[in-house]
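**Student:** First the structure, then my questions, so here it is.
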Amino acid sequence: MQIVLATHNAHKVDELRRILEPQLPGIEVLAYDGPEPIEDGATFTENALIKARAAATHTGLPAIADDSGICVDVLGGSPGIFSARWAGPARDSEQNLRLLLWQISDIADDHRGAHFTCVAALALPDGAERAVSAEWPGQLLHEPNGTNGFGYDPIFLPDGYAISAAELSAHVKNQVSHRAMAFEALIPVVREILGG
Ligand code: ITT
């Protein structure tokens, strides 16, 4: 049995393979290089389902997608679904991170709460679909630290840790992150529907 990973983000592909493959031994996880749909949903769930549906329709295979981002309390939940293009359509991670740091530069430590959100979605070519969501709480640092991970990891201090998400090993991040938790919840659904 095969399943398509409906993302064009190489970092997500890497994390998702590490999360999924040990738990879905009978299922071959394929990368997706088909057309990217317009992510014009108003929520993480809508966007995750848009991506999963597009890949399932294009490939004729079951597809799973991730829509994720960082939500900052003092910014009312932004960047949220706009995390990948916060500083503009170039989707430059470094510029996104710098803009966010600048926007909260005068905010004190006790008001720098934030969380990552991930919605994991499964869509089948026959139209069946499911989506589950998870959050990873923490706070934003004042300067980037660490080189692991991607995106906003260098400025995210997860609750319960004294180091940034970019200083965690891939092994640890993939056990505790928003992505790990959302896909942990989706895996039984995948197993139930596809067997594996
Ligand atoms: P696809 O739509 O092709 O999956 P994308 O990167 O555009 O790739 P999203 O629209 O879901 O995906 O945007 C996710 C952005 O949120 C991502 O580019 C990062 O900026 C941020 N993000 C999500 N998960 C993250 C993580 O684990 N660590 C750091 N930043 C993360």
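One is the number of the first residue shown, and numbering goes on along the chain from there.
Any Cβ shown, glycine's included, is placed from N, Cα and C.
Whatever TrEMBL says is automated annotation, not expert-curated.
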**Student:** Going by the substrate site in TrEMBL, where THR7, HIS8, ASN9, ALA10, HIS11, LYS12, PHE150, GLY151, TYR152, ASP153, LYS173, HIS178, ARG179 are listed, which of the candidates SER68, SER78 is also part of it?
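**Tutor:** TrEMBL lists THR7, HIS8, ASN9, ALA10, HIS11, LYS12, PHE150, GLY151, TYR152, ASP153, LYS173, HIS178, ARG179 binding substrate, and from SER68, SER78 it also lists SER68.
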**Student:** Cβ under 6 Å from an atom of ligand 1: which of these binding-site residues qualify? The list is THR7, HIS11, GLY151.
**Tutor:** THR7, GLY151
**Student:** For the binding-site residues THR7, SER68, which one has its C-beta crowded by the most other C-beta atoms within 10 angstroms?
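**Tutor:** Selected residue: SER68.
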**Student:** Roughly how many angstrom lie between the C-alpha atoms of ASP153 (substrate binding site) and ASP67 (Mg(2+) binding site)?
**Tutor:** 16
